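Below: one structure in structure tokens.
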Amino acid sequence: MNTNLSNAQTYEAERQRAEFLGELNQVKTAFLSSISHEFRTPLTLILGSVEEILQGEDCLNFSQREQLTIAKRNSLRLLKLVNTLVDFSSIEAERIQAVYEPTDLATLTIELVSMFRSSIERAGIHLIIDCPPLPEPIYIDREVWEKIVMNLFSNALKFTFKSEIILSLRWVTNGIELEVQDTGITTATYLDEVKSWSAETNVVVQVQQMPPPQLPLPQILLVDDNPDLCNYIQRLLSQKYQIKSVNSGLAALESIREQKPDLVITDVIMPELNGLELLQILRHDPDTQRIPIILLSARAEENARIEGLEAKADDYLIKPFSARELLARVQSILEMTRLRQEATIREQELINTKARVIDILESITDGFLSLDHQWRLTYVNGASERLSGKTREELLGGNFWDIYSHLMGFEGEEKLRQVIQTQVADNFETCLAQDNLWYEVHVYPYEKGLAIYWRDITKRKQAEITLLKSEERLRVALKSAPITLFNQDQALRYTWVHNPTLNQSDQEIIDNTDFELFPEAGVARLTQLKRRVLETGIGTREEVPIFADGQQYCFDLTIEPLHNPNHEIIGITCAAVDISDYKRIELALRQSEAQARARTEELKTFMETVPAAVWIAHDPQCHQMTANWAAHELVQLASGSLVTATPEDGSYPFEFKIQRQGQDIPPEDLPMQQAGRTGENIESEFEFVFENGEVRSIYGRAVPLRDEAGEIRGVIGAFLDVSDRKRVEQEREQLLIREQAAREQAEMTNRIKDEFLTVLSHELRSPLNPILGWTKLLQTRKFDSQGTAQALETIERNAKLQTQLIEDLLDISRMLRGNMVLHKQPVNLITIITSVIETFKLAAEAKGIQVRFEIAQNSGFSSLLIYVLGDETRLQQIIWNLLSNGIKFTTPGGIVEIYLKSGEDHVQIQVKDTGIGINPQFLPYVFDYFRQQDGTNTRKFGGLGLGLAIVRHLTELHGGTVSANSLGENLGAAFSVQLPLMKSVETCHGTSVQPQNPEINSINLTGLRVLAIDDQAETRTLIGSILTQAGAQVKMASSAQEALLMIQEFSPDVLVSDIAMPDMEVYIFRDEVRNTSSIPVIGLTTNPEETNASLTRDTRFQIHLAKPIVADELVACVATLTHRIRNSAI
């Protein structure tokens, strides 16, 4: 912290020092300019007088003339120094001006140096001039160049006493270089205080070649019948522009038709065709309507200027005008015209570029699409239409996840969302399980969203998968199959052996021939077969007998030629399978063939008659299976097909998927495979998912088949299609779910309606109670002026409150019917917010709440003007509702803050309080109609709970949005309204409501003590006034807890209590009272239906009265209760 503070102080000191030096430099420049001008005046007078005296012939002697000559010479030197100071001050003040013109710089430089030639020769110095002709004229200011050459040469002559002065002028890249070299004293001489007459000084001046003026110059057509004014304007503009002048509007039209100028300057008043008529003709002609036009007029009235500008003139210049004003206006309009033309060219170039990009994207075979940050499709090419199977109209503007919903849950979804978050390009391959399609996807983020290239790589993936499966099958086959593989060269010597048999190892076989390994009796035919393949190049397959270890073996031998890269036969490759065991059992198989054929026929007959789908696996692994006609129909195979499965390669033998609950079932986990593997009976349910989308629910049972030894030799499985039953069960479950949801929705709707009606009844009747009560009192009693004013103020306040409630209900009604109409105009938000704050000022001060209003410093607005286009009354209603809620739900001593800030095209209003906050679970419903956080708040704070719903609807009608945020209960809340921004001014006026004056009759309750309990202060005051006017002694309590304390002190004869109390249920309160005394209670309610119902179901209240309170009824009820107490001795 100390380091940062020190750095900040150091930076501030350096900044102040830089500002001081800048100011000092400005003062120095101003001083030099002023003192130079002050010196030139007396010097001019001195030189004039001295020259006048020296021109006299006989008036001066020799001594006087010599002294005056010295004075003149030194005055001229002083004048030259003053002129140098003037030039320096002009350079420092950046007021020096240069007029560039093409110049033969070599010739001019030689002429300037020639003036020094005589002085140089008298001094005995050799002058060398090297100024060859330059390839082109140089644009320079002649006066500035003369000063440069004169100053350099005068310095060289001044400080050179011998040897030579060399001047060279040469052409360099994009300019020229002037070099003046002498052998005089140098700066180093003075610095080191060493005198060296042989030192050399080399001064180089480089002048960049000024670019020649852009040709052609802008063409200006001057139209005026006053030749003097034409000449004046032409003289002013001719240095920078090509001027053509005519003396009438008709001549101007002819000139414009011949050649369109860059600017037209025309007088308003001219014969034949005036300036305004010429302007209208040019503006109605498409060929000339874009030519900028300046009108000249001697009429300075505002109406004349407005008339000219309304006629679409680009500027209106009033005579007389200054030259600088004319030059500035012309330059400004021509510059704006140039900028517009450049913008048009750039726009066309962008359009052409976009068209070329679209042509490229439409020509590629890869799919391309772009998304915005809300995942909406903003562009798709033709390939994307083809790959998606949808038209461009169906795709554009749609949500990506709605259109490609099948991507949800796959790897592609995670990748796409990751690119959006990290803004790093990515590419991946993904497979859509439902279509079994593979896509290669390249994703590139950019400032507006995502660009996606994608292509169908299903065929390539299928080829890769097929290759991998083939390699795996070969690997498994070579690893587990009982086969011997070997290679032999042309001499039939073994060169490689895999899985050797006959109890021989690799080392024993390699480099040997068959004659060296086996007895000669069985080798002759084997060798003959191999040599024939070597000679013919045609493979063969034979069953070959081999004798070894005194036994005869039989091999199934396959022989193929082995080629080198040049397709030359270099040997043979063979595969040998030991089929000796098969041969030995072949006889046994033949013997049992008849019996097996009979059993097969029986089984076939059975399978053709049973309606269930039956599969029979002839081995425990279910490699080979047969099925009946029902099974073929179930799996959509041709009848009589032999079904085979190979679990090792992970594939199914059918053209459909077998799934359970959406997940593929591996072949080894199918019921028949499980039964063959475990030897147990297996029951299972699963689904067949066909390529056409059809799904069949299957119930199956698999039983293992055993041989005589009890070993599993196969599996039989029976399967039933239970799709219809499953469909009925699912429909029944879905129907039950829909009915439950509908019932819950109906119950919730009914509950919300009941709660709203209860609150509505309470809020509508509560203001009526003091209104009707005070009205009756004013009708039947006489009050002093203070009492009358209090009554009228109470009536007016509650009438306005009820009016506001009714207006809220009407607004909700209009919103629900869609009849809300806005009268839009420019509205200053600051004025509205300030007026609303002023309205709530007293209410906030009464609760001790601070209301703050702040405009963001970086908003870019005026502190008094921030405009939106909207209905002033409705915008005020939005602010009013939000601020009202903030003050209502903020505890005393809290703070309500209003922030106003903006973006590029919107303004945001945020109302933030430190009140009771909002439950996070209720935040999504805070703007819903008829939804409130809980009934307790409604009764405690008042209101219908419609304010926020109205705020949301009015904000959306203005094209804005509203949001709410709260960290939780008792942590405050913040509401943000965002509206489109504009700048304009408009004002509105409001209306007011006037109260009425009622009367009341008198009833005498002298001597009675009454305790009035109500959380509404006005209701308590009204009850007290009614009963006091009737003669009763009245005390008032604002809560049930306060009333329990006052009963002990006051001992009332009657209690008058509101039923809806915020701190305690009134029935609990009544039980507390009855535990200590038998005081009768009159219950007040805002629900008229509650009066009779409460009397029938509860006897804890002697009388129920509905609000608004009628004074005579209240007095009569009190009198009735006291009379009943005396009669019943309660």
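The backbone N, Cα and C atoms fix where each Cβ goes, and this holds for glycine too.
Feature table excerpt (TrEMBL):
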type	residues	note
DOMAIN	34-184	domain 'Histidine kinase'
DOMAIN	219-334	domain 'Response regulatory'
DOMAIN	353-427	domain 'PAS'
DOMAIN	539-591	domain 'PAC'
DOMAIN	682-734	domain 'PAC'
DOMAIN	759-983	domain 'Histidine kinase'
DOMAIN	1009-1122	domain 'Response regulatory'
MOD_RES	Asp267	4-aspartylphosphate
MOD_RES	Asp1058	4-aspartylphosphate
Just checking, which of Asp267, Asp1058 (modified residues) has the fewest C-beta atoms within 10 Å of its C-beta?
Asp267
Calculate the distance in Å between the alpha carbons (Cα) of Asp267 (4-aspartylphosphate) and Asp1058 (4-aspartylphosphate), and round it to a whole number.
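One finds 86 Å between the Cα atoms of these residues.
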Just give the helix, strand and coil counts over the domain 'Response regulatory' (1009-1122), going by DSSP.
57 helix, 24 strand, 33 coil
Mean pLDDT over the domain 'Histidine kinase' (34-184): what is the value?
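Value for the domain 'Histidine kinase' (34-184), mean pLDDT as a whole number: 74.
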Of the residues in the domain 'PAC' (539-591), how many are helix, strand and coil by DSSP?
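Helix (H, G, I), strand (E, B), coil: 12 helix, 32 strand, 9 coil.
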